[in-house]
There are 2 protein chains.
Amino acid sequence: MLSEFELIARYFADPAQSTGAVGSGVVLGPGDDCAVLAPSPGSQLAVSVDTSLVEVHFPAAAPAVAIGHRALAVALSDLAAMGARARWCVMAISLPEADDAWLAGFAEGFHALCRVCGVTLVGGDVTRGPLSITVTVHGEFPAGQALTRGGGKAGDVLVVTGALGGGRGGLEAWYAGARELDDPLLAAYLLPQPRLAAGEALRQLAHSAIDISDGLLVDLEHLCSAAGLGAELDVAGLPLSAGLVARLGEAGAHEAALCGGDDYELLVSLPAARLETARQRLAALDVPLTAIGRLRRAPGIAGVDAGLLRNGWRHFPEGAT
Amino acid sequence: MLSEFELIARYFADPAQSTGAVGSGVVLGPGDDCAVLAPSPGSQLAVSVDTSLVEVHFPAAAPAVAIGHRALAVALSDLAAMGARARWCVMAISLPEADDAWLAGFAEGFHALCRVCGVTLVGGDVTRGPLSITVTVHGEFPAGQALTRGGGKAGDVLVVTGALGGGRGGLEAWYAGARELDDPLLAAYLLPQPRLAAGEALRQLAHSAIDISDGLLVDLEHLCSAAGLGAELDVAGLPLSAGLVARLGEAGAHEAALCGGDDYELLVSLPAARLETARQRLAALDVPLTAIGRLRRAPGIAGVDAGLLRNGWRHFPEGAT
């Protein structure tokens, strides 16, 4: 096995990113005891951490490029939900062995998403152990402008970006033997796209936001409880991922969209008067925006089968490996 | 098992710390998609991440309070080495099961060190899996004042804080059956004290610094190679941890001090003319400072047995469990 130092030197520096580049905010990149960053004057910092563990969050046999992409994407999704601009990340990886081809694929997936999202990897740690990746992401927004979970108002329209159910549908596709990343459902599951540009575009229009990592219903409950409100959903109008009905049937597709998790779309509440502006801004980013209900004073979530309300996020199906 | 959400709510908020407290810099603590932080105007940010994995970095049977303390301490030690003031951290923990007593002990150790060091835990992630803790720490210093590894000059005096060899000595003590945390060697290994105040005090006096996590020789090699210099060491004058010679003998104690790792003291280079000032500042903090050699133009490390130079950091002894 390569030493920790060799691994870090070889894979943690992205040759296509210059950490000293003007505008990167990176004063000192990987290689010292800490990275040194220059926050933008007048900004506040958004910080979030996410662990992706093999056989809990992704299959061991998933392509390395997807594992690298996904570990970063799920963390960046939290920045998107705050309306933050992504800036920097650090990554800790635990590896059972140092396989060159696997590491090259992992690094390719991770760094490619860094470049797309304008994020610089500024530090890391490598340990020998079961495959696990923990990414801490850092974003910025003008001071006082964080888009939180708790700002929703009764009467707000609830909207979601993109389409739902692809996370669950892709997981089912994987277990059914799908392996090609150009399968839209598998791509939705293994290569989620953090909605950073959409989050920034919605920041000044929206009252509240959360990313849909645990399933629409669970995350809507978080949004509601943070605001002390309830909601009514138009389940028939949920935007479903391409291919979802074909794979899971009508009822299964709706259950996946409501309870499946791993979609990494944004669930946002905003005043009805701003809906058209929001839609236009997201259309310019090529991101669909669909109204799916409203916040209301009455507690609970109306419009949803009561059984589904108790059926929240699950990791892998029981017994699957 | 408690749900992820319950665990987070119960153990990740420190009742003794108010995240909204004036001066904490915490605009929004745990519970939203991200924490929101207000960096100090005119400061730069130091960021580092460290993973502590069971049976690699600590024994599974170590007291939970020590595991919590140690996981944070090793990360904070990197801030100390940059001369940064510790501000915030996020923690991702993977747990095989949710044992209330264990979690309470872990949280007690983690939060107690937070309070001592002025750090606020602002976010986390909980996963079910092999025991592993990844802590990302954030510190600050006035812009441009980072204390790096690479600033050493030929002729600089090399100094270390505290005493060396305790990390290795404590590991040996653990395997010999020691279990009491008031054993000085075991405490050095399981409850290292990050040298944050010393790092800040030395920031404007020193040319370069690193923390001794991988062993004095390995870390000295990092300091030398970053500066393009060599060094000469006075091995006979190394400050040895209390009880080290009694446990390991004279030769074993020196080998532990040179190669053992896990000491989390600072190795610093500074001009000889500032040595006395540095010693006084650290004496006021009750931290010993010992001159152990010099940086020099000639490459390599003189004064050390050649066999030891090849004997770097090792995790647990081969086959130990």
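The backbone N, Cα and C atoms fix where each Cβ goes, glycine too.
In TrEMBL this protein carries:
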DOMAIN    A:31-140  domain 'PurM-like N-terminal'
BINDING   A:D33, A:D78, A:D211  Mg(2+) 3 binding site
BINDING   A:D33, A:S48, A:D78  Mg(2+) 4 binding site
BINDING   A:D50, A:D125  Mg(2+) 1 binding site
BINDING   A:D50, A:D78  Mg(2+) 2 binding site
BINDING   A:H57, A:D262, A:W313  substrate binding site
BINDING   A:G124, A:D125, A:R149, A:S213  ATP binding site
DOMAIN    A:153-299  domain 'PurM-like C-terminal'
BINDING   A:D214  Mg(2+) 5 binding site
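Features recorded in TrEMBL, as mapped to the structure shown.
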| residue | record | Cβ contacts under 8 Å, 6 or more apart |
| --- | --- | --- |
| A:D33 | Mg(2+) 3 binding site | none |
| A:S48 | Mg(2+) 4 binding site | A:A75, A:D78, A:L79, A:T136, A:V137 |
| A:D50 | Mg(2+) 1 binding site | A:A71, A:V74, A:A75, A:D78, A:T134, A:V135, A:V137 |
| A:D125 | Mg(2+) 1 binding site | A:A92, A:I93 |
| A:R149 | ATP binding site | A:S208, A:A209, A:I210, A:H222, A:L223, A:A226, A:A227 |
| A:D211 | Mg(2+) 3 binding site | A:S77, A:D78, A:A80, A:A81, A:R195, A:D219, A:Y264, A:E265, A:L266, A:L267 |
| A:D262 | substrate binding site | A:G167, A:R168, A:G170, A:L171, A:Y189, A:P192, A:S213 |
A:D78, A:S213, A:D262: the binding-site residues whose Cβ falls under 8 Å from a chain B Cβ:
A:D78
Please report the DSSP secondary structure of A:D78 (Mg(2+) 3 binding site), reduced to three states.
helix
Where does A:S213 (ATP binding site) sit in DSSP terms: helix, strand, or coil?
coil
To which of the binding-site residues A:D78, A:D214 does the lowest count of other Cβ atoms within 10 Å belong?
A:D214
Mean predicted confidence [pLDDT] for the domain 'PurM-like C-terminal' (A:153-299):
97
Cα-Cα separation of A:H57 (substrate binding site) and A:G124 (ATP binding site), in Å?
20
Measure the Cβ-based neighbour count of A:G124 (ATP binding site), defined as the other Cβ atoms within 10 Å of its Cβ.
24
Determine, from DSSP, whether A:D50 (Mg(2+) 1 binding site) sits in helix, strand or coil.
strand
